[in-house]
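This report refers to the structure that appears directly beneath it.
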Amino acid sequence: MKQTIILLYGGRSAEREVSVLSAESVMRAVNYDRFTVKTFFISQSGDFIKTQEFSQTPGQEDRLMTNETIDWDKKVAPSAIYEERAVVFPVLHGPMGEDGSVQGFLEVLKMPYVGCNILSSSLAMDKITTKRVLESAGIAQVPYVAIVEGDDVTAKIAEVEEELTYPVFTKPSNMGSSVGISKSENQEELRQALKLAFQYDSRVLVEQGVNAREIEVGLLGNYDVKSTLPGEVVKDVAFYDYDAKYIDNKITMDIPAKISDDVVAVMRQNAETAFRAIGGLGLSRCDFFYTDKGEIFLNELNTMPGFTQWSMYPLLWDNMGITYPDLIERLVELAKESFDKREAHLL
């Protein structure tokens, strides 16, 4: 009997378009000799719509249904996704997707799911909290100032200008895929950047700009996590924003990255240490800055990295000899393993 994968995609965050791209790639790459895929679209308003079911590889003309094509009469209660022995693959990015919300819901339903649990998802989603956890684990971070809604913005800008130097990068604490990120060269630009970031979150991070290469490491496993050789993001733009990443196609990747064996060893060790520090499960992508001074800063952990066929995470594992279909299969097995342990601990 085939294993059922419940594919959740869309979502309420600003990254829902990325989710659709990732989910379509998963839908096409699944080994249909072993799996059946059932899909549910989550609308921007949070509604669950039962969309499609695939028992064999979809044709090139097949697309996952989205706002423009779904049948709203197929809206269901969120709990309707439940199916005994099915594994959920929540291909959801950003808030209300990889921040622990959906993970908690799936645990209430007693369903195994791909990826990190409630705690590690919520920790990694919040950039400020992640930095504090990683600092306690002895992992170097880019200097930063945290600003929370309600703070005296003028005083915080003065703190930024005292502790950091321009340029600085301003980021919503709970957002991914470079949404809401701005580069500031002076105080006026910083004020505008803060206004933009606060549109997405009530907690904002201002980081020191660094001249650095962007290096990424893939992680796979539960308590026995393994890492990939690093890959490098090669940019044709000033910085890695949302449009460059997903719309303008101005990003290329160098896999493996052309860095020394010593640097590779440090990055892989730090990535695995960070994954364990947050209690990671299943998968993550660990992003580093490697400065022109030879400094290595861990930038962030993505617990549900972009999963399209051209995304860094699956390409990193392909370089290690694990194909995209095999990667999906391994993630399903890891989901079942972590579910069994979670249920055993509750007995």
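Every residue, even glycine, has its Cβ placed from backbone N, Cα and C.
The domain 'ATP-grasp' feature in Swiss-Prot is assigned to 131-333; the stated evidence is sequence analysis.
According to Swiss-Prot, the feature ATP binding site maps to 161-216, an assignment based on sequence analysis. The secondary structure of Val168 (ATP binding site), as reduced to three states from DSSP, is extended strand. For Val168 (ATP binding site), applying a Cβ distance below 8 Å and a minimum sequence separation of six or more within one chain yields Val160, Lys183, Ser184, Leu190, Val206, Glu207, Gln208, Gly209.
DSSP gives Glu300 (Mg(2+) 1 binding site) a strand state. Same-chain residues at least 6 positions away in sequence with a Cβ under 8 Å from that of Glu300 (Mg(2+) 1 binding site) are, in sequence order, Ala124, Lys127, Thr130, Cys286, Asp287. Among the features that Swiss-Prot reports, Mg(2+) 1 binding site is placed at Asp287, Glu300.
What Swiss-Prot lists as Mg(2+) 2 binding site is Glu300, Asn302, and the listing cites sequence analysis.
Taking a C-beta cut-off of under 8 angstroms and a sequence separation of 6 or more, Val210 (ATP binding site) has the following same-chain neighbours: Val142, Phe289, Thr291, Glu295, Phe297. Each residue contributes its Cα atom, and for Asn302 (Mg(2+) 2 binding site) and Leu196 (ATP binding site) those atoms are 22 Å apart. DSSP gives Asp287 (Mg(2+) 1 binding site) a strand state.
According to DSSP, Arg203 (ATP binding site) sits within a strand segment.
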